[in-house]
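K.L.:
Structure in structure tokens, see below.
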Amino acid sequence: MNIAALISGGVDSAVVVHLLCEQGYKPDLFYIKIGMDGDEDLTCTAEEDIELCTATARKYGLSLNIIDLHRQYWDNVVAYAIDKVKRGLTPNPDVMCNKLIKFGCFEQEAGHLYDKTATGHYASILEKDGKIWLGTAQDPVKDQTDFLAQIDYLQISKLMFPLGGLMKNEVRDIARIAKLPSAQRKDSQGICFLGKINYNEFLRRFLGEKEGDIIEMETGKRIGTHKGYWFHTIGQRKGLGLGGGPWFVIRKDIDENIIYVSHGYDTDKQYGTDFALHDFHFITEDLWKGAPSADVSFKIRHTDTFMKGILTREDNLFRIHSHVPLQGIAPGQFGVLYDKNAEICVGSGEITLS
């Protein structure tokens, strides 16, 4: 079996290479470059990444190929993120990167030449009723199925997740014992293309600043100013620059550039327990066979907690009623649905409050 292994320079993908080689495979290694050339601030740690990837390839006598997809990434993933922010929504570029770049453009460029593509994602492949499903990882803290919830059946059919049955500490132990070049490297945080700058600085470069009012939700009183609604997301409590906190962002008026905040943030009163998903995407198929309601697990952000609730259908919307109050439901983010035992990731849709 011919295997392409996506390698990033991190410990997870290096352990994937080690495990594949231990099983007798000789995968071809691929590093996907997505950082923007010509701007030292807006680049990933590509040079260091490639050095570690090269060392890993050399250790196992494998070939390393560098695939430059930075233009496709910026034209699709970054453009998507900026568009969502302009519309007052909260984007998830990691989800779109997996769908469009890692398992989209890469498949067109090189992946189609291989039987399987292996990655360091914490997820698993399950077979049920003769079909392939995206399964959750053994390690709930590291589970990344929510980042994979927009891929399609053809993509999931080609993927291998060798780390799916391992805990993170076990992965670290394997890397240490095998003396992998990246064994001591820290896990990456945040969005890769941001490089050396933070998210707000990235938004400032592309969207600028525009002063607007901060209004207390309960009283309608103006209590401060902000530099643009695009710097703030629903549920946010840091970075508002207000005294007497904590303050939470409750709502955004993008037409008037107003941020509404609340001092107490009572989730029952501010949001309740219900939200909707539109344009729902099934990875394999409808696990619930079109049933009008079903018990489900779900996530509304990247977290180690699978929430419990009830799914109902209304026209083109999936409505979710959570068993417990939710904080910071952010329109634009992906709501990810699982079976009630949180073993199968069924798919995802974009969160809306309508």
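Just so it is clear, glycine is given a Cβ too, placed from its N, Cα and C backbone atoms.
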K.L.:
Using only what Swiss-Prot says about ATP binding by Leu6, Ile7, Ser8, Gly9, Gly10, Val11, Asp12, Ser13, Ile32, identify which of Gly111, Gly120, Gly130 is listed for that site too.
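P.N.:
For ATP, Swiss-Prot names Leu6, Ile7, Ser8, Gly9, Gly10, Val11, Asp12, Ser13, Ile32; of Gly111, Gly120, Gly130, the listed one is Gly120.
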K.L.:
Can you tell which of the recorded positions Cys97, His121, Gln333 lies nearest to Ser8 (ATP binding site) in space, using Cα positions?
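P.N.:
Checking each of Cys97, His121, Gln333 against Ser8 (ATP binding site), the shortest Cα distance is to His121.
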K.L.:
In DSSP terms, helix, strand or coil for Asp12 (ATP binding site)?
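P.N.:
In three-state terms, Asp12 (ATP binding site) counts as helix.
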K.L.:
What is the interatomic distance between the Cα atoms of Gln333 (site 'Interaction with tRNA') and Cys97 (active site, nucleophile), given in whole Å?
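P.N.:
The separation of the Cα atoms works out to 14 Å.
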K.L.:
Including all protein chains displayed, how many Cβ atoms other than that of Ile32 (ATP binding site) lie within 10 Å of its Cβ?
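P.N.:
If we count other Cβ atoms within 10 Å of Ile32 (ATP binding site), we arrive at 24.
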K.L.:
I want to check the contact list for Leu6 (ATP binding site): same chain, sequence separation of six or more, C-beta distance under 8 angstroms. What comes out?
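P.N.:
Within the chain, Leu6 (ATP binding site) has Cβ neighbours under 8 Å at Ser13, Phe30, Tyr31, Ile32, Lys102, Phe106, Thr117, Ala118, Thr119, Gly120.
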K.L.:
Under DSSP, is Leu6 (ATP binding site) part of a helix or a strand, or is it coil?
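P.N.:
DSSP call for Leu6 (ATP binding site): strand.
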K.L.:
Max CA to CA distance in Å over the ATP-binding set Leu6, Ile7, Ser8, Gly9, Gly10, Val11, Asp12, Ser13, Ile32, Gly120?
P.N.:
16
